[in-house]
């Protein structure tokens, strides 16, 4: 590398793999080349992850957005507005992260400060919006459990839209602060970040703290959901006595614990390594090996965006029904005449669907009247039925 005044990478290669005097990246940096630390084998591996996960993430999240946009009943529900926000953020992540990461690490594009910070702002906006939408989804599910009887009054569509407006306004502001002037005063030289060119350590510390607060709130919301589910199951067992045939299957709170455990394991597993390297970058000077490890860990955030639709959107029965209707309409061709089922707003899709999915009607909706995606929805429906039956 010719970017450092005394390049560490060059010293290591000249010593034929021997340990240099100081493995720390503590020299002045002349251009962006000193941040391009990947070896050819690492470029191939990480590039393969991006080329596979990027398009897949884009397609599945775009599909979720399309289904929600094309289904009138889903657009009116706060839960699906939050899932749509999550899908939109992950679409941004698949576009901004994949193109910026490959452009920088694989194709060695040397942008100026403005162009680089604009691209980095897009990536930051996408991932911040994704975590923020996960928090709104978790809070929505918590309200659905904690205030099941008054949920529709507490969380209206208008309030959901205001929450999304606040989330994305804050996300855009925070993400583009470096572009607006909060950048490292020394350019590319210490004490700037060794993970992100032009980024001030104080900004990086603030952003990491913000993300950690959001993740902590998500964990707390799901912990409260699980606690509430456990109390509900215990109270129902006490009221109804010995388990009947319908209750003999695995307790709902145990199934819920498994579902939430999977969600949290994937979320923490994808985000914790990346945030750990960022925290280390704030406090110590990283080696080239650590920089390369961070490049790999950052792709795990893209993998998280690829998994999100499978965990939050496609597990919801209503969205799957709408997707099948949409696919059924497409299979009959865009030229088919629409057939309107009387009064069913969920059939007013703008893609001219036919009747291949007419078996899924409004008769299925009452069980999901207060439905939230995943097993949480089933528990709330069960809880409301128990309350009305008393």
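Every residue number used here counts from 1 along the chain in the order it is shown.
Every residue, even glycine, has its Cβ placed from backbone N, Cα and C.
So that you can see what the record holds, here are the features copied from TrEMBL:
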type	residues	note
DOMAIN	60-312	domain 'G-protein coupled receptors family 1 profile'
TRANSMEM	45-68	transmembrane segment
TRANSMEM	80-102	transmembrane segment
TRANSMEM	114-139	transmembrane segment
TRANSMEM	160-182	transmembrane segment
TRANSMEM	202-227	transmembrane segment
TRANSMEM	259-280	transmembrane segment
TRANSMEM	292-314	transmembrane segment
Counting only residues 6 or more past its boundaries, what in the same chain has a CB within less than 8 Å of a CB in the transmembrane segment (259-280)?
131, 134, 195, 204, 208, 211-212, 215, 218-219, 222, 225-226, 286, 290, 293-294, 297-298, 300-301, 303-304, 307, 311, 374-375
Top Cβ-contact partner of the transmembrane segment (45-68) among 114-139, 160-182, 202-227, 292-314 (pairs under 8 Å):
292-314
Cβ under 8 Å, sequence separation of at least 6 from the ends of the transmembrane segment (160-182): give me the contacting residues as numbers and ranges.
78, 81-82, 85, 114, 117-118, 120-122, 124-125, 128-129, 132-133, 136, 140, 198-200, 203, 207, 210
In the same chain, who gets a Cβ under 8 Å from the transmembrane segment (80-102) while lying at least 6 residues past its ends?
46-47, 50-51, 53-55, 57-58, 61-62, 64-65, 68-69, 74, 119-120, 122-123, 125-127, 129-130, 132-134, 136-137, 140, 157, 160-161, 164, 167-168, 298-299, 301-302, 305-306, 308-309, 312-313, 316, 319, 373
